[in-house]
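Asks: A single structure is presented below for examination.
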Amino acid sequence: MKKYSYLVNKQFKVNRKKNILTIIGIVTSILLFVCVKYLTNFMQEVNIESAKQSIGNYEVILKDINLNEVEKIRNNVKVDKCGIYKLDKTMDINVGDTNKKLNIYSCDYTIINELFDGNLKIEEGNFPKSSNEIALTFSAKSELNKKIGDIVNVDEKQYHIVGFYKDKEDSVYNALTGISYFDNYNLNEDVNVAITVKNKKRILEDIKEIIKLSNINIETKEYLEKVKYNVRLIYSYGIDIPENSSIVEQEKIIEFFIDLTIFILTLLFIYGVIRASLQERIQEISVLRCIGATKNKIRYLLIKECMILSLISLIIGIVLGHILLWIIINIIFQKVIGINTYGVQFKPYYGVILNIIIVTSINIVIAMILPIIRAGKISPVEGVKANNVPVKRLKKSKSKIIRFIFGYKGEIAYKNIVANRKIFFFITTILTTILVIFNCFTGFYLLNLKEYEYNMKNSYDIDSNYSNGFSLDNVNSLETILNRRNNLKREFEDLKILDEIFTNIIVPATITIEDVARNHQLSSNYQINNTIEDMSKVNKVKFNNAIILIYDKDSINKIIPYIDSVTNSNVEYKNFNKNGFIAVNSGYINSKPPFINNKNSQEVKLYLDEEYNVPIEANLLGFIDHDKLISSNRFGYYSNLTIIVSDDFYFANKKVMDDLQSITRNINFSMNLKDDIDSENALSISKELITKNGGTYFEVKESLKEDKNTIYASAVLIYITLFFITIIGGLNIINTRYINIILRKKEFGTFLAIGIQKDDLRKIIILEGIVQWFISSSIGTVLSLIILKVINVMFSYSVGEIHVIPFWIMIISILILLVINLLSSFLPYSKLKKLEINELIRNEE
């Protein structure tokens with residue numbers, strides 16, 4: 001007997017087409033791994049760079065640290081970069097009719113050039129190099145009417161202007177800032193320290209060790225005041241900050257299940273490819289057994305073949321994967337979609353490549369085990385059997401539905417496909433998985449897109465906020481603030497560029513309501529703590545964290561259609577004139593009214609004072625969901641109460657309202673531009689007016705556009721994954737059914753010999769694919785609807801309502817399965833119909 005290496009080489013030459021098909025199946029599985037893992041790492045790096053450029057390249061800031069302690073931190077072996085800065089000077093200035101602050105920060109070289117270089121983009125001139133020089137924000141150039149070379153006097157100190165740096169494009173705050181150079185060290189003064197550590201996997205542990213060196217007690221309130229983490233950057237590194245949330249942990253759980261799903265899918269796919277290849281060679285293996293090959297030699301032969309094919313597939317898969325990824329990143333992401341990658345370019349991730357090699361090798365080894373063991377057990381006579389398909393007796397009840405839908409030929413087809421239960425379950429599993437993943441991935445993408453569209457629809461072009469602190473001399477009384485709001489609104493209207501202007505005043509308070517009961521359904525979903533007190537003995541509920549929103553007439557009319565009235569009649573604006581108010585439902589998932597009215601009447605008593613001396617006889621008009629409010633993202637928390645009232649409510653209860661000693665009483669504006677104007681010019685005019693009046697400016701819709709790019713990027717990843725899963729699964733099914741049908745050709749030859757027409761035989765073979773498709777589609781559709789229902793419920797808090805997957809998506813996914821099944825039936829039949837009856841019965845290819 002010749003050497004087994006010769007047999008391996010011979011097999012590669014003779015079965016070239018089969019080997020190419022096997023390689024294609026394994027390569028597509030590897031491509032799936034490469035794309036998913038690479039793009040996950042790439043997007044993480046993009047998020048890291050985004051955080052560095054938008055917030056800063058620091059991980060923590062320690063405030064009010066003595067310079068002696070700074071040197072200890074700087075010399076710590078765990079510290080990578082350490083920059084210091086402080087608020088050097090601050091003063092009130094007049095910009096037109098507006099009072100503003102000018103804040104001058106002294107920063108060292110590390111702060112300017114290494115830790116905040118992504119935020120500080122010089123527009124004109126240079127950054128300062130001495131403590132007597134200053135660079136201002138570019139907006140200060142026009143507001144202060146200054147140029148390079150001019151002098152700015154701040155608290156008897158002179159600064160020479162040497163440059164202007166860029167403002168944030170979509171936001172402006174009610175303060176001007178400048179940067180000076182920190183070169184005048186005083187060992188007794190306190191400064192702020194921005195730090196990065198060397199080991200990015202132990203960021204929190206190393207930072208806490210550094211904090212201890214600064215004599216900051218982690219267990220005290222001082223820790224919260226002096227330690228400020230760069231939360232977004234640390235999250236981007238894949239680390240949770242325990243005091244904030246467990247977002248990263250949740251993302252890692254989701255990522256684990258995605259990786260596990262892909263691992264199982266590729267395992268099934270590779271197993272299917274190897275199993276189908278070996279099943280077709282049963283006759284060859286039997287011949288080898290007949291001429292003396294032992295079981296172990298057969299297994300060695302097959303292992304060697306599989307390893308060679310796997311090695312070839314691995315190399316091709318990794319190379320093709322990186323070529324595909326280069327196209328995705330450099331063309332689709334950057335040129336077609338226009339995603340800002342923040343300077344992150346395509347490059348090989350060697351850790352990802354190593355991970356792919358290890359995972360794929362494990363997958364291939366596991367996938368080979370069962371087929372190789374099975375191949376070693378093939379007896380010398382097994383290859384000469386008519387079929388290698390064990391036919392098992394089926395219960396009649398199992399095919400009644402199939403017979404009813406497809407007739408007796410469909411029943412025969414059903415019995416044929418379930419005769420080999422392993423192949424039946426294998427194909428059904430893959431088909432069902434393809435359908436479920438297609439529907440769920442598409443549903444998830446459409447849900448994100450729907451959320452984006454919902455946010456865009458309910459957002460405004462411009463948000464503006466005006467702070468008004470509480471003062472005992474009534475300089476900022478509520479009446480004064482109402483008048484200021486009205487004056488600001490008139491100024492906006494006079495611009496003639498705004499289509500909609502909505503405004504409200506936020507007044508924090510403690511509110512007690514009589515004749516209502518606490519809604520205990522909230523306690524079952526959320527941890528309320530002591531923010532809501534149920535004073536059942538006196539029939540009252542006290543809300544320690546409450547907000548009164550004073551809406552103007554236009555704003556109230558905007559939300560009236562969304563109010564759930566407590567009576568059968570619709571709410572009108574005039575109802576608010578009689579101490580009418582509405583309450584915002586609490587909670588984001590399954591939001592509920594914050595309280596339950598004990599009486600059928602709308603009348604309740606509101607107490608805005610701690611002593612409950614002055615009750616307000618009010619009318620509860622109804623409830624509204626938080627997402628239907630104007631600028632809704634700040635209200636509707638489960639532990640808070642938010643009520644909405646009109647201007648008339650304030651004037652009717654002026655004494656009580658004026659006595660509220662709220663720390664802040666902010667005016668908010670939400671505005672949309674007209675459609676038929678130059679939006680860029682209109683935004684510039686609006687920004688100028690807002691900054692002149694001392695407000696903050698934020699372009700909401702512009703900031704949401706980055707979310708759209710992220711959604712499109714995720715769509716690319718999702719549909720690449722779907723494409724490979726469909727291709728891999730389709731090839732597996734076609735290959736498996738092709739071989740299974742070809743191995744039954746003696747059976748089909750017998751049917752033809754006893755008089756069955758070829759057309760009837762063709763219908764039975766095609767019906768086998770259609771019946772398999774019907775079973776898989778039914779199971780997959782039901783599973784998809786269940787999973788999508790769970791996903792929709794989880795995300796309903798953010799989009800305001802539950803969106804079901806469009807019917808046409810289900811149809812597309814079902815049609816894809818139909819095409820795969822029809823191909824898996826037509827291809828083997830096209831080969832069988834070319835053979836004569838005697839060739840079929842001889843069972844020879």
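Glycine too: its Cβ is placed from the backbone N, Cα and C atoms.
Sharing the features that TrEMBL gives for it:
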- 20-39: transmembrane segment (TRANSMEM)
- 253-274: transmembrane segment (TRANSMEM)
- 261-380: domain 'ABC3 transporter permease C-terminal' (DOMAIN)
- 306-329: transmembrane segment (TRANSMEM)
- 349-370: transmembrane segment (TRANSMEM)
- 423-447: transmembrane segment (TRANSMEM)
- 711-734: transmembrane segment (TRANSMEM)
- 720-836: domain 'ABC3 transporter permease C-terminal' (DOMAIN)
- 770-795: transmembrane segment (TRANSMEM)
- 807-827: transmembrane segment (TRANSMEM)
Asks: When the domain 'ABC3 transporter permease C-terminal' (261-380) is classified with DSSP, how many of its residues are helical, how many are strand and how many are coil?
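Replies: Tallying H, G and I as helix, E and B as strand, the rest coil: 98 helix, 0 strand, 22 coil.
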Asks: Under an 8 Å Cβ to Cβ limit, what residues of the same chain, 6 or more beyond the ends of the transmembrane segment (423-447), are close to it?
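Replies: Hits for the transmembrane segment (423-447): 261, 265, 268-269, 272, 417, 711, 714-715, 718-719, 721-722, 725-726, 729-730, 732-733, 736-737, 740, 772-773, 775-777, 779-781, 783-784, 787-788, 791-792, 795, 799, 803, 805-806, 809-810, 812-814, 816-817, 820-821.
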Asks: Which residues of the chain, 6 or more past the ends of the transmembrane segment (253-274), have a CB below 8 A from one of its CBs?
Replies: 21-22, 25-26, 28-30, 32-33, 36, 40, 306, 359-360, 363-364, 366-368, 370-371, 426, 429-430, 433, 437, 721, 725, 728-729, 731-733, 735-736
Asks: Taking the domain 'ABC3 transporter permease C-terminal' (261-380) alone, what is its mean pLDDT?
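Replies: Across the residues of the domain 'ABC3 transporter permease C-terminal' (261-380) the model's pLDDT averages 79 on the 0 to 100 scale.
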Asks: By a Cβ-Cβ criterion of under 8 Å, what residues six or more beyond either terminus of the transmembrane segment (711-734) are in contact with it?
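Replies: Tertiary neighbours of the transmembrane segment (711-734) are 21, 24-25, 28-29, 31-32, 35-36, 39, 43, 262, 265-266, 268-269, 272-273, 276, 328, 332-333, 337, 339, 427, 430-431, 433-434, 437-438, 441-442, 444-445, 448-449, 452, 816, 820-821, 823-824, 827.
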Asks: DSSP helix, strand and coil counts for the domain 'ABC3 transporter permease C-terminal' (720-836)?
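Replies: Output for the domain 'ABC3 transporter permease C-terminal' (720-836) reads 100 helix, 0 strand, 17 coil.
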